There are 4 protein chains.
Amino acid sequence: MANSKFEYVKQFEQSDHLLPNTWIVVRIDGRGFTKFSAKYGFEKPNDKRALELMNAAARAVMAELPDITIAYGVSDEYSFVFHKTCSLFERRSSKLVSTIVSTFTAYYVHLWPIHFPDTPLSPPLPSFDGRAVCYPTVQNLRDYMSWRQVDCHINNLYNTTFWALIQLGGLDATEAEKTLKGTYAADKNEILFSKFGINYNNELEMYKKGSVVFRDYELVEPGTHNTTVEVDNLAEPVQQSKTQSENDKKRRAKARIVVQHLDIIKDDFWDRRPWLLSNKPGKVPKEP
Amino acid sequence: MANSKFEYVKQFEQSDHLLPNTWIVVRIDGRGFTKFSAKYGFEKPNDKRALELMNAAARAVMAELPDITIAYGVSDEYSFVFHKTCSLFERRSSKLVSTIVSTFTAYYVHLWPIHFPDTPLSPPLPSFDGRAVCYPTVQNLRDYMSWRQVDCHINNLYNTTFWALIQLGGLDATEAEKTLKGTYAADKNEILFSKFGINYNNELEMYKKGSVVFRDYELVEPGTHNTTVEVDNLAEPVQQSKTQSENDKKRRAKARIVVQHLDIIKDDFWDRRPWLLSNKPGKVPKEP
Amino acid sequence: MANSKFEYVKQFEQSDHLLPNTWIVVRIDGRGFTKFSAKYGFEKPNDKRALELMNAAARAVMAELPDITIAYGVSDEYSFVFHKTCSLFERRSSKLVSTIVSTFTAYYVHLWPIHFPDTPLSPPLPSFDGRAVCYPTVQNLRDYMSWRQVDCHINNLYNTTFWALIQLGGLDATEAEKTLKGTYAADKNEILFSKFGINYNNELEMYKKGSVVFRDYELVEPGTHNTTVEVDNLAEPVQQSKTQSENDKKRRAKARIVVQHLDIIKDDFWDRRPWLLSNKPGKVPKEP
Amino acid sequence: MANSKFEYVKQFEQSDHLLPNTWIVVRIDGRGFTKFSAKYGFEKPNDKRALELMNAAARAVMAELPDITIAYGVSDEYSFVFHKTCSLFERRSSKLVSTIVSTFTAYYVHLWPIHFPDTPLSPPLPSFDGRAVCYPTVQNLRDYMSWRQVDCHINNLYNTTFWALIQLGGLDATEAEKTLKGTYAADKNEILFSKFGINYNNELEMYKKGSVVFRDYELVEPGTHNTTVEVDNLAEPVQQSKTQSENDKKRRAKARIVVQHLDIIKDDFWDRRPWLLSNKPGKVPKEP
């Protein structure tokens, strides 16, 4: 029995290949997480368990998809970066987005009991949506990452002060909002310190900087290379010998995937980790 | 602290709104399910538990997204249909696809222990990818659904015979493949019956027809209406009064979401369930 | 000498195939025609020569591209409609748009001296831009056509009154604009008639209704067929025998391409010319 | 009279903004030029008048669209390059393509009598189609340009030999084709020289290298700057003061648009003309 009569419907699929030689960022966001976090009693302004669950899921996504070179997470969102030479799934947008969203969700649900042992999940379950965006140059990519980290900082300082006003200062949400309206960063730091004795600098790095996930190799001395120029110059998918390709794969598999809370806006982070932009695995550090 | 310096990166997001007034089908597929089903010892040619888990996840997706009017599943794939007037997420492709994939995955992982109580999940976890396709007319949509159901039939007849040859006939995979090469449906039915005493017609409907998921209302008499013409004539999103819209919502919420194993190729299925194409909820049947 | 080293750049072309089974409308617009019409002293509110040049160019486009079934023009714009079964250039948007724009421009420039014998063209030359839009149903397509014709009516009534106030009433542009602000159609008709003795109904049909271009066959009795339903039901490119296809081609070639000024909003126009929606050539009328 | 009832059709227009910060190349091609060139008796293998008409039209396009930084033409095709910071028409693909195609066609038809004074155009008229492609890096752009120039060389050497075999050697097309099958560049040079005394190097540069069109400023010393790196580093549209912007505009307007026949594959061409990649106008040369 042939299926030919109906097969014409396949022609309606439209291609969604992303432009070659550009960085692909897939950002996912929790759907309805205000309600979700209320349901499970997430602590305010930050719930350590919830953030660590996000990080664990992101780590698992990177382990399953070695084409991802770096990821950055804050609150209920995570951005995953594919190197500009990446040809996974022929760079089809819906394949890339759906695979990341699905894998992330699977681990989020699967690992939930480890991070929330006392509050089992019940429907409606947590879910995430996602989208892919292309960035042509290293500068564009770094500006994207900086944008997210600046956002993290702005929101966290605001939320920390907002919830201090409520939890420690006895204000209600409307009063707290009013108090903060029009204030600058310095004002918020001042409120925290003078009213509540809180030094914002002492807050957890994970809250202030978000989480960056990447494969860990030996750091290099900054100034010994110029990866940005080299990488921007790249014009087409790098042709590697099979041996080289196998070697890279092995080194990547050996590398630990780490979650850290670092400044990714300044050059230093990128200068010391050239593999993030070059996509060439570094030296695997010796076991301590 | 303003975030303006980096915010320009938002301009790189490209719009992916799907063409208005067309049916949207989001199909999801299990990633690497050959390996996955081997790992968890899925029965061949069909694993009832695995299919029922797929159906349960699909049911949950429909419950969380009332804009879906019908879904059809077979093996490790599921197709979800949004009515052509649907304006969910402004019809953005990546939002629709990622939300469905994520919700489906969440339930698949969450409900796993109910269907596989003895084999807990372990990494790598199951995941799904997805894509959206637009179909302009009712005929296109029905041809798409027919295409999937014909595929189900072709594959299931093949697999049933293939595994009978192996499990009952003692052949190895290569021999079984060779035996089936060039055979027609009638030949396979004959092999099943004459060699193994299996009447293919007695196989489970779920295996032969796949699973169709929809909201259940009272069936209507065929021939009393012409929904296809009416719906193809639709030109723009239906303007409803608020009362009407609220009524529809209530009726939809009351309707049971059912999973059945019916012929969706013939007219009868659609004729008796005009709400599937019209998007107007039918009469909620009285509780038995 | 192989060209392989640079050929990778071809991979950057992204596909732009328009959704199958939808009507394709390519609308072109004169670029900077306010300035252009001033340069060549176009008469206000309508320049008969300029409109007839537009129509002549549109006619030529239709003659060169038999896949176009109907076109509608007003002022410095023209819309060309491809039947929903059309597969010209594999439905690639940029091919369709650029071919129409280029052919139209070629004839506009080439035929200019016939319509403006005393004012030869000089740089900057007239040019047009264009875009393609898909419409899934006959109703959508007809609503698009109606939209353009209503626009024609609204603008022409306004412009006719505006220029009467200036040319006959001695007002300047600001005063005329002020006079018309907030007026309805009835008011404008009244101004024309009471102030200047102009009965708007007596204006040229070409000015009031715009121009519709199509292949001319024998009109049919309305009510003897239901093309809309038939055409909306179409699901895939019609499979024709070679003979049938050749016959259609011959009949199309024999048909005169006419430019008329008719109401295309009401059903009558479409009912009497079923070939416009069905894409099946009608009876070629006998020479008078 | 409001037009609201039909205006919903505007929602069917889909956005086609090209990715920011990438080079846009619009390539146009003559439609059916084999037939067209036969109709007007173009000389083989190259018709000087036809090429000069192409160049004149390209020059006019560049004069009307100052956002174009460079163009390259060969045979009946022309590629126009917009700088990666270009924001013309909000980078909408169909606007950019249709405007270039239309302007080019207008001049091609308008200037025809100057280049072909004895053979007036008659329908079907010449026309062109076009498409836009984005290139992320300078290297990609240069590789695109090199690809076209290598193609020019390969084709011209082939055609020159092919037509020599026919016009001077008395072969027919099939014999000439057979003679050239499997030959390398060296073989063709040898055939030209030994059989017909033709030194390919003495052929017109326009035939061998194609035509490159750009604004002419004073050449700079190579090695005094690194425009490629600078330009690849660009992340977002350059913010200029109004004065700066006005100055640039004036200098661009003063610059002569030249058509030359140079090697654009080697670095030298680009190194001596940094304005092509930087988009900053150079020094306008003194009138000779």
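Every residue, even glycine, has its Cβ placed from backbone N, Cα and C.
Curation does not apply to TrEMBL; its annotations are automatic.
Look at TrEMBL and you will find A:6-136 tagged as domain 'tRNAHis guanylyltransferase catalytic'.
The Mg(2+) 1 binding site annotation in TrEMBL covers A:D29, A:G30, A:D76. Counting every protein chain shown, the Cβ of A:D76 (Mg(2+) 1 binding site) has 20 other Cβ atoms within 10 Å.
Residues or ranges marked as Mg(2+) 2 binding site in TrEMBL: A:D29, A:D76.
Contacts of A:S75 (GTP binding site) defined by a Cβ separation under 8 A and a same-chain sequence distance of 6+ are given as A:G30, A:F33, A:L51, A:C152, A:N155, in order along the sequence. Classification of A:S75 (GTP binding site) by DSSP places it in coil, neither helical nor stranded. Taken from TrEMBL, the feature GTP binding site applies to A:S75, A:D76.
Per-residue pLDDT, averaged over the domain 'Thg1 C-terminal' (A:139-266), rounds to 92. Annotation source TrEMBL lists domain 'Thg1 C-terminal' at A:139-266.
Same-chain residues that are not part of A:D29, A:G30, A:D76 yet have a Cβ within 8 Å of the Cβ center of the Mg(2+) 1 site turn out to be A:I28, A:R31, A:F33, A:S75, A:E77, A:F128.
According to DSSP, A:D29 (Mg(2+) 1 binding site) sits within a strand segment. Within 10 Å of the Cβ of A:G30 (Mg(2+) 1 binding site) there are 20 other Cβ atoms, across all protein chains. Contacts of A:D29 (Mg(2+) 1 binding site) defined by a Cβ separation under 8 A and a same-chain sequence distance of 6+ are given as A:D76, A:E77, A:F128, A:D129, A:G130, in order along the sequence. For the domain 'Thg1 C-terminal' (A:139-266), the DSSP counts in helix, strand and coil order read 77 helix, 11 strand, 40 coil.
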